[in-house]
Every structure is written in C-alpha cells, then in structure tokens.
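These notes concern the structure reproduced below.
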Amino acid sequence: MVDENLYRIKKYSDDTAFSCISKHFITLKDEEIKANNQHLHNVVSQGLIPLMKEDTLFKDIYRNIKYEGSYFKGTKVAKPDEYDLNLSMKLPLNYNELQVETNHKHFSYVKIKVNSESKLPKWEEHSKILNKWLSDKNYLNQNKFHQWMEAIMTNTYKKLKKSDNFYELEVDGKNYRIKQFKKSGPAFTIFVELGDHPTLMSMDIVPCLELNDIILQGYKTFPDVSPSKCVVAKPISKEPEGEFLWRLSFYEQEKQILSNSEVSKLKVVVKMIKKLRDQLNYKPLASYYIETIFLHEIAKRKSDVDFFRASKTSLFIYMLQKLIQALEKKCIPYFWHEGHNLIGHLQPPVIENYANRLKNILLSIDKKIVDDRFAMAEFLLNEEEKKNLLEIVESSKTNGSDTQNLEKSEVIKKIKHVINDGKNKENQNSFATIVTHAIIDRKENDLERRIAFVCEELKNLGQMKEQIPLADLNKLSESFKIMFS
C-alpha cells in the first residue's frame with residue numbers, strides 16, 4: 001500500500017541531486033530542439049505535404065499536422081531525433097449522423113458506421129475511392145484507408161529525385177536525404193539525413209481521422225479539456241473484424257492535461273522515471289504506460305496544490321511506488337476507459353521481475369538518501385554519466401562555479417578515488433556534498449541554503465583534517481580571513 005502523504009516526508013525534500021541529474025543527463029538541449037524542429041518543419045510541412053496535396057482527395061480531407069508523442073508532451077528523455085506526427089484528416093461527413101460504436105470487447109477501439117444521410121457533397125465527388133473504404137454494412141475499413149495512404153506516400157516519393165538508396169529533397173537551401181519509408185503498424189517511418197551527416201532524425205507519420213467532439217459511451221470526459229479526438233488505423237492481430245476497428249487517440253487531451261501550470265511541474269518527474277526505465281533496459285514498459293500512471297494521479301489530485309508543489313525527489317519516490325504497485329497488480333488501467341489493461345499482454349514473470357527489481361532499488365535509495373543525496377544516481381546513470389559527475393566539478397575552473405578554489409585540494413582528488421572504486425563511504429558522503437556544491441546556481445538558491453551547504457562541507461573537511469595538506473589548510477584559512485575581515 002502506497003503512503004498517500006509520502007511526498008510530505010522531510011528526508012525527500014532536498015532536490016539537489018534530482019536537479020543535477022535532470023539538468024545534466026535528462027534535459028534536452030535547447031539548441032538541438034530548435035534546430036531539429038526547423039528541420040522537421042522543412043521536411044514535412046514545406047517538403048512532403050505540398051507534394052501529397054497534388055492528390056485531390058488528400059488535399060480535400062487533409063487538415064493539419066498534429067505533433068504527437070512524448071517529445072511534444074515535454075516528457076521525452078532521449079535525444080530529440082525521433083518524432084511522432086499525425087496527419088490529421090477529416091472525411092466529408094456530417095459527424096452528427098455518424099454512428100460510432102464502443103460496445104465491443106476492445107475498449108480502446110471503435111467501429112465507425114457511415115450512414116447515407118451523413119455523406120456530404122464532397123463525399124460524392126470522391127465516391128469512387130471513398131465508397132471502397134466501406135463494408136457491405138457501411139463500416140469504415142481502416143485497412144483500405146491505410147492502403148490509400150500508402151499509395152499517397154509512394155507517389156510522393158516518386159516525385160523526388162533518387163540518388164543511390166536515398167531520395168533528395170531541397171528546402172530553404174538545405175539538401176535533405178530521405179530513405180525509403182518503412183511501414184510499422186499504423187505509421188510510415190522516414191529516416192532523414194542532412195548533407196553528408198549521419199541520420200539526423202526519424203519520424204513516424206501516422207494518418208488519422210478526426211472525430212470532432214463525438215461523445216463516446218463509457219469514456220472519460222473533462223469539462224476543461226477539449227473533447228476533440230481522433231482515430232488511427234492501428235491493426236489488431238487475430239481479430240475477425242480487425243479491419244473495421246479504429247484505435248482511439250486522446251493525445252491532444254493528454255497534452256492539455258499535462259500543460260496545466262501546476263501539473264506541468266510533474267513532467268520532469270515523468271522523465272526521471274523513464275530515465276530509470278531506460279537504464280534498466282525495461283523496453284516493454286512503454287513510455288505511455290508510465291505517463292498513464294501519472295494521468296491517473298493527476299486526475300485524483302487535481303485540487304491538491306501541495307502535491308504538485310512538493311519536492312521533485314519526493315514525487316519521484318512516490319510515483320515510483322505507484323509504478324511498483326501497478327506492476328504488482330499486473331494492471332495499468334487505460335486512463336480513458338479503465339476496462340482496458342495496458343500491460344495485459346505482458347508475461348506475468350516479466351512484470352514480476354520488473355516489480356521486484358524496482359522495489360529493491362526503492363529500498364536502497366530510501367536507506368541511503370539521508371546520508372547521500374546522490375543515492376539515486378547509482379541507478380539512474382550509466383558508468384559514463386557517473387564519470388561526468390566528476391567533470392561537473394573539474395569544469396568549475398572555466399565556468400566560474402563555487403568550487404573554483406577547491407579543484408586542486410585533496411578532497412577533489414579523493415572524488416576520483418571514490419568514482420574508481422566506490423569503497424570509502426566517508427569520501428562518498430564528501431563526494432555528494434562537493435558535487436552538490438558544484439552545481440548550485442546562485443540565482444536559484446537563497447543565502448541561508450548556500451551557507452548550510454558550506455557548513456556541511458566544512459564539517460566533512462574537519463573530519464579529514466589530518467589528511468589535508470598544510471598548503472590547502474592555509475588556503476582555507478586565507479579565504480575565511482578575506483571573507484570576515
């Protein structure tokens with residue numbers, strides 16, 4: 001049972017380590033984000049979409065690009081080079097006359113029935129193609145829709161100049177090299193290179209159909225969240241009527257929920273849980289499953305401002321417990337319809353292994369965190385990233401941080417020893433304090449907190465007094481004379 005007030009526990013109130021890990025090993029670089037967003041716009045909006053619009057049906061039903069996935073939700077951990085894009089389309093139909101069926105065993109899917117009364121004049125204009133998408137009972141066939149979109153993609157590629165195994169696309173003076181698209185479920189995956197550089201980015205382009213604000217029986221609604229939703233042509237294996245089942249997407253609503261001014265503070269915690277997942281190589285534990293656990297908690301805590309303003313460390317510990325609890329129950333209910341278990345397809349032994357490993361990690365962090373602020377780094381960072389913690393300190397010479405007078409001392413030398421063998425607990429505690437000291441930003445910490453850190457480090461230095469060379473002791477003495485003269 002998870003303690004619902006765990007986030008109030010004092011020993012988790014210090015965010016020093018959390019902030020360090022987030023800043024240096026999780027936060028995406030602004031320059032990369034800006035550059036890749038421009039490349040994305042060039043390739044898709046300015047390059048491919050105009051060519052697709054040469055097909056008259058596509059031109060008439062295409063609405064816009066919806067940028068999806070964890071990157072655009074603000075919960076992505078890895079390098080910003082993988083993107084999910086929905087090509088949003090709206091069929092020429094009167095949506096008030098559409099029949100959307102949700103009363104079947106696949107809770108995250110719907111069947112769409114197109115009545116003759118719902119067809120608008122534009123439907124008749126394109127009836128030669130559109131009528132082929134309907135079954136004898138007028139259900140919309142997602143497989144035929146997807147085949148049509150594949151033909152659009154193929155014809156678009158034919159309009160590009162081919163060179164070896166690539167297709168060339170020039171936009172705004174930049175020469176992009178695009179590989180032949182690959183089909184992956186509902187997506188068409190494209191790999192893009194710029195000039196002679198290796199793969200710049202990959203994008204999953206997913207065609208989807210808008211459902212507007214149609215109310216779906218049994219599904220959640222939120223008064224402050226847009227009711228607009230869409231469906232994608234995601235196939236279901238071993239299902240007799242699979243070609244008529246469309247997968248629901250509530251991405252826009254989820255993005256809106258996570259963008260709330262208070263709720264958005266949880267995004268970095270989502271990323272930290274994903275970072276742990278990646279470090280443990282738990283690939284079957286999809287990002288969406290983790291985000292869903294957060295969505296449930298957000299809905300439950302929507303009026304609890306204190307929760308969203310709690311320390312990120314305490315929220316990380318709390319949400320990690322929530323994840324463990326869900327894995328122990330072998331169930332992560334779909335946020336929009338809890339009749340669907342997102343991890344129901346995973347093998348029980350796999351889920352049990354994940355839960356047990358995460359419990360051991362949580363116990364270890366909980367045991368050590370009072371004495372070692374960086375206890376979580378042991379599980380969140382790989383060996384290379386752990387070495388980079390040392391570089392944070394050593395770079396103080398050039399970045400002007402508070403450790404610029406300590407980089408030559410014996411304490412800093414002992415940091416290297418701690419990183420190499422991790423055997424000396426006393427030095428580990430000092431290491432945590434030194435790294436903490438190295439990452440403090442003057443603009444983000446008040447005077448009282450800064451003094452507290454200095455006092456703590458002085459206490460550690462006092463315990464090691466006999467090991468500190470006389471020259472370094474003299475440096476400390478001179479520093480205090482200058483400060484208090």
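Cβ atoms are placed via backbone N, Cα and C, with glycine included.
For the Mg(2+) site, Swiss-Prot gives E82, D84; the one candidate out of D3, D164, D172, D204 that the record lists there too is D204.
Minimal Cβ crowding within 10 Å, among the binding-site residues E82, D204, is found at E82.
L248 (GTP binding site) falls within a strand when secondary structure is assigned with DSSP. D304 (Mn(2+) binding site) falls within neither a helix nor a strand when secondary structure is assigned with DSSP, and so counts as coil. With respect to their backbone Cα atoms, L248 (GTP binding site) and D304 (Mn(2+) binding site) stand 30 Å from each other.
Highest Cβ count within 10 Å among the binding-site residues E252, E254, D304: E254. Here D204 (Mg(2+) binding site) is positioned 5 angstrom away from D84 (ATP binding site), judged by their C-alpha atoms. Nearest in space to E254 (GTP binding site), taking C-alpha to C-alpha distance over the binding-site residues E82, Y83, K271, I298, D304, is I298.
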